[in-house]
Each structure stands twice: as C-alpha cells, then as structure tokens.
Amino acid sequence: LTLSLPPDSIPQDNRELTPIWSVFVKDDDIQVERPYTPLEGVDESGNMSFWIKKYDHGEVARWLHAKQLGSSIELRGPVKTWTWKDDTWDDIIMVSGGTGITPFYQLLHHVFSSENACKGRLTLLHASKTLADLPPANVMEFLHGVAEQHPNNFRFCVFVDSLDVSQQHEAKIPMDITCDRIGKSALQDALQLKKTMPWWKALFWPTNVPAVAEDRKVIVLVCGPEQMVNAIAGPYGRNYAQGKVGGILGELGLRSHQVWKL
C-alpha cells in the first residue's frame, strides 16, 4: 500500500526520519490505531510504501485494505522504534518473522542506499510459514541484491516452515532457503559463537557468563509474532517493555544491552 502525505505535512527535518521509525494509522470506524513501518521512509513527494498483510483478526489492516484509491486516512508520527548509529555496533543481527521484516528492511534500505559505506556487519534471519508468505518481490530482490553486492557487510538467510515447491512467489527465490525455524544453531552462526564446549570446560564454566564477550559491540534485534519473539528472546515485559532476555538468546548468555525487542 502507498500513502501520500499532503505537501504541508512532509517532514522537513530528515533527522526525524532515520531508522527505525513508524507511523500510527487510525481506524476511524472503531477508533483503534496500529503502528506500521514505511519500507523506504518518505520520498521527496511525501510517498510512503507499506507491506501490510490482511488478517481476519486484524481490524486496522482489514480497514486499510478496504480503502479505495484517493481515500484519506489519519496518521500520527513519526514514532522512533530504534535509533541507528553507524559507529555504535560492530555486528547487528536482525531476526524477523512475517511482516516483522519491515523495520529491518527500512534500516537496510537506509544503510545500503546511502552514499556512505557501511562500517559494521549486518545479518538478517527471516522466517515465513511458506514460500507464498515471503515478503513481496521488490523486498526480496533488494535484500538478495545487497547480500550479493556487499558480502562482507550483509548476510541474508531465509527460513520457511514448509518448502512446498508448488507454492508460487513472484520473486526469484534462490535455493539457499532453510526448511526449518530459526533455532539455536542459526543464532550461534550469526553471533559467530562456538557450538560445542569440551566436557571438562562445561563442568567449570558458569552458566551465567555471557556467550558474547562484553567488549564485542553486538546487538540482536527481534521483531515478529509474539510467539516467535518469546522463543528467540523471551517475552515482553509489562505494557510491551523489553522485559528480561530469555528464550534461545537467554540460553546463549546474552544480556539486556545486547538484545532489543521491537
């Protein structure tokens, strides 16, 4: 979906539009609002593109999909989700499920569409239920293109629960798709951690020692269905606060400053 801002509402200060940010869309019928992430931010004409899935239980998404060309809707924002600073992290690992890829696409599009070279290493692990559920063609092709052009700075890994070749997708899907969920092994690879430990070392190695050294500037960003977030990073806190690090990342010894749940 593409939304166009009126000329007097186009932000003039680009500092407000650095990743990761979203806007709230309000359903006027039931007075409910939901946040959505513009895939490529706002262009000079005030256009914003979104990937919004229409779910049976998604009130605002169904309301948006029912709109006709030229309809007006009410927005609130921009709302910062996570602040990108190129010199802050050596490694950024992004884990997404479903439409949870949108904030990471916004970040990656910003980083690799700018004239400045990326200094750190970014890894995106994305999961969808089936091939047909993968993101739109333009999203997939951009990400695969960046991975091919910048192999030292970006790695893109795709996971699906079911690899049914009869299911069609409009993008050219490469063969490097893993038919599995994002698990401990994939996260260890992304974090460049050893998967095994000598038995004698395991006897004396405290379980609460971080697997990622404190001097490594590493962060894992997680965004997706709540069940996936719980399994990867532990549940949110009260009112969607960050909460404690749990799940697989907790098992790997990551601390709160090394994990962020979007």
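Note that Cβ sites are derived from N, Cα and C of the backbone, with glycine treated the same way.
Not measured: the values here are computed from a predicted model.
The FAD binding site annotation in TrEMBL covers ARG34, PRO35, TYR36, LYS53, VAL60, THR102. Residues or ranges marked as domain 'FAD-binding FR-type' by TrEMBL: 1-85.
The binding-site residues under consideration are ARG34, LYS53. Their Cβ neighbour counts within 10 Å are lowest for LYS53. With a cut-off of 8 Å between CB atoms and residues at least 6 apart in sequence, the same chain places SER22, VAL23, PHE24, VAL25, GLY77, VAL79 near PRO35 (FAD binding site), listed in sequence order.
Pairwise Cα distances among ARG34, PRO35, TYR36, LYS53, VAL60, THR102, the recorded FAD-binding residues, top out at 17 Å. Of the listed binding-site residues TYR36, VAL60, THR102, the Cβ environment within 10 Å is emptiest of other Cβ atoms at VAL60. Excluding ARG34, PRO35, TYR36, LYS53, VAL60, THR102, which define the FAD site, the same chain contributes SER22, VAL25, THR37, PHE50, ILE52, ALA61, THR99 within 8 Å (Cβ to the Cβ centroid), listed in sequence order. Note: the domain 'FAD-binding FR-type' (1-85) comprises 14 helix, 25 strand, 46 coil (DSSP; helix = H, G, I, strand = E, B).
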